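Asker: What TrEMBL shows for this protein is this:
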type	residues	note
COMPBIAS	10-19	compositional bias 'Low complexity'
DOMAIN	214-359	domain 'O-antigen ligase-related'
REGION	1-25	region 'Disordered'
TRANSMEM	32-51	transmembrane segment
TRANSMEM	57-74	transmembrane segment
TRANSMEM	86-110	transmembrane segment
TRANSMEM	122-140	transmembrane segment
TRANSMEM	147-165	transmembrane segment
TRANSMEM	185-201	transmembrane segment
TRANSMEM	206-223	transmembrane segment
TRANSMEM	229-245	transmembrane segment
TRANSMEM	252-271	transmembrane segment
TRANSMEM	352-372	transmembrane segment
TRANSMEM	379-400	transmembrane segment
């Protein structure tokens, strides 16, 4: 699935790809359909506040509920046809190609156990997303969008309350209760804000969208999470720019993606040289220079295996791996012992080499091409999601973390919901 056109990419252009909101007669099917929407829109972001790795479980439960509802409603044959269409859709073929590259890296990985673990942990999220893309449109209803709006608002405000009251819910759930755990919790409401914007803006619910944005901003601020804060600001700016000048906004996004992919192997060096001394001092005071040292160290070790990389999800072992020419490890390798690169494009290069960056370039081109078909709030919101994903991904996390994949999938599925025959506003009443 992708930020270009998740509905079309998941199901192709078959006549059954965009079914209308057919009535669901059996009560059990109606309950399961409601449960699926509630899990995807409300439970996923809210539960992530307390259990910040729980998004895959919410996504899987939503997929099971949607498929159960579709079967109980008598849509079994249509559901099977949608699965078949999804398997040969362009996005599925792209994802399959990238997965094949990841699996092929078993031939050269420095850590087969980590490569296997990465594949095992990542596949369930992709399968859950596929299951929802196939089944949920058969049972979704216009009012399901309210679960999304409520979930984004509740998650943002719950982060504020949890942080301000000493994290009592974490204590109740016996979860780790350190304040920095909320940094991850701030990401799902940020990502889900954009499909909510795509639903609210056409419905002229500008006040509701503004309040929703404030709730997310408050949650991000309370979590002291710098990357989501920057992602929210850049996403809002690009959202506004795309409403006014869609072509330039899309062109700027495409150019930015191309530059990021091309410069990924030199991330540490570029930033080290670009930052003035006063900025470096501020980084030290904010304890962010450690991130810069990680990027620089991975840059140096990445050039040990520039073509094929060290193996999918094997970056945690890069610092401990002997260099191909037998030379001593660089003196800056210490900061990356047991770490991933904290930059999804740098990670693609370190783990999969130039082939990984080629795959990233292909995926970026595919996304921009899909986005080029759109205009108005649909394009603006997708650009907001894209810049938020890239901002968080470039400074904060491992590319393959299950909770991250599940959160992105949830956002794309809600875009799908807004695109279907239920109407561009997802069933929200218009303000006149």
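Using the three backbone atoms N, Cα and C, a Cβ is placed for every residue, glycine included.
Curation plays no part in TrEMBL annotations; they are all automatic predictions.
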Asker: Between the transmembrane segment (185-201) and the transmembrane segment (32-51), are there three or more CB pairs that fall under 8 A, provided the residues in each pair are separated by 6 or more in sequence?
Answerer: yes
Asker: Top stretch among 57-74, 206-223, 352-372 for CB pairs under 8 A with the transmembrane segment (122-140)?
Answerer: 57-74
Asker: For the domain 'O-antigen ligase-related' (214-359), what does DSSP give as the number of helix, strand and coil residues?
Answerer: 108 helix, 0 strand, 38 coil
Asker: Among 86-110, 252-271, 379-400, which stretch has the highest count of C-beta pairs below 8 Å with the transmembrane segment (185-201)?
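Answerer: Most contacts with the transmembrane segment (185-201): 379-400.
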Asker: May I ask for the residues of the chain that lie six or more residues beyond the transmembrane segment (252-271) and have a Cβ under 8 Å from a Cβ within it?
Answerer: 238, 241, 292-300, 302-303, 306, 343, 345-346, 348-349, 357, 360-361, 364, 367-368, 371, 383, 386-387, 390, 394
Asker: Determine which recorded stretch among 57-74, 86-110, 206-223, 379-400 has the most C-beta pairs below 8 angstroms with the transmembrane segment (352-372).
Answerer: 86-110
